[in-house]
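Let me begin by presenting the structure, written as C-alpha cells, before commenting on it.
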C-alpha cells in the first residue's frame, strides 16, 4: 500500500481528517524548507504539498507567485526540491510528500527521469495544475511505474462526467478547489463545499482534499466536517513572506497556524 493511501486509512480509523499544508520549496531560502517540513509535521500535518517553483505560476494568486519569485531568486530548481525531499526522508519515512507545480519542469527533465528521481527521493505524489486528466495518458503509466500517485484538481464548475474521469485517472486523493479563481482568493461558502463534496463522493472513489479559502482554525474545522482532508497554502505562505528577513521565526509562525487548525479539526 502506498504512503498516501495508508495515511488516509489510518486517519479514517482514528476518525480524523488530513491536514495538508502547502509551502513553496526554497521560499525564502533553500535552507528553510527541510526544517519547515519537520516543523509542520510536529504541528500536526499529515501530508505535505511542496510547491515546485515555476516562473509562470498562472493558477496561483499573488501570495504564491511572490513565493515562487523568492525561491527562484536563489535558483531553486526541480532537482533542488527533490534533494530536499531526500533529506527530509532521512528522518521521516511516514509523512507523504506531494510535489505540486506545473508540467513544464517535468517535461524539461523528461517523464521517466523525473519519475525515477522523485521515487528515489521519496516523493509520493504529483499534482500538475496545468495537466488535465485527458492529457495525462502518456504521463500516468510512467508515474505509476515509480509508485507515484497522480492527483488532479476538481473545480466548482467541473461536470459530473469529468469528475468520474478524474476519479478514474487519479490516485491518492482528489483536490477540490473550493473557489473559482486563483489561490488565496475570496471567502469560503462551507454549505456549497459540502454539497459539492457529496456530489464528488458519489462519482469518485478517492479521498477528497479541499483547498482554496482556508485561512484559519475556524475554516479548517468547518471544511474538515465535510471533506477527508483540508489543504492550507496561502495563509502559511503569508507567514513565510512576513518573516522572510528572519527565517528563524518561520517554523514557529507556520507551526502556530497549523497547531491551531489541527486542534480545531480534532475537536
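Even glycines carry a Cβ here, placed using N, Cα and C.
Just so you know, the Cβ of residue 49 (active site, proton acceptor) picks up 25 other Cβ atoms within 10 Å once every protein chain is counted. Taken residue by residue with DSSP, residue 49 (active site, proton acceptor) is part of a strand. Annotation source Swiss-Prot lists active site, proton acceptor at 49 (among others), citing sequence analysis.
Summarising the annotation, Swiss-Prot assigns active site, proton acceptor to 60 (among others) and lists sequence analysis as the type of evidence. Counting every protein chain shown, 25 other Cβ atoms lie within 10 Å of the Cβ of residue 60 (active site, proton acceptor).
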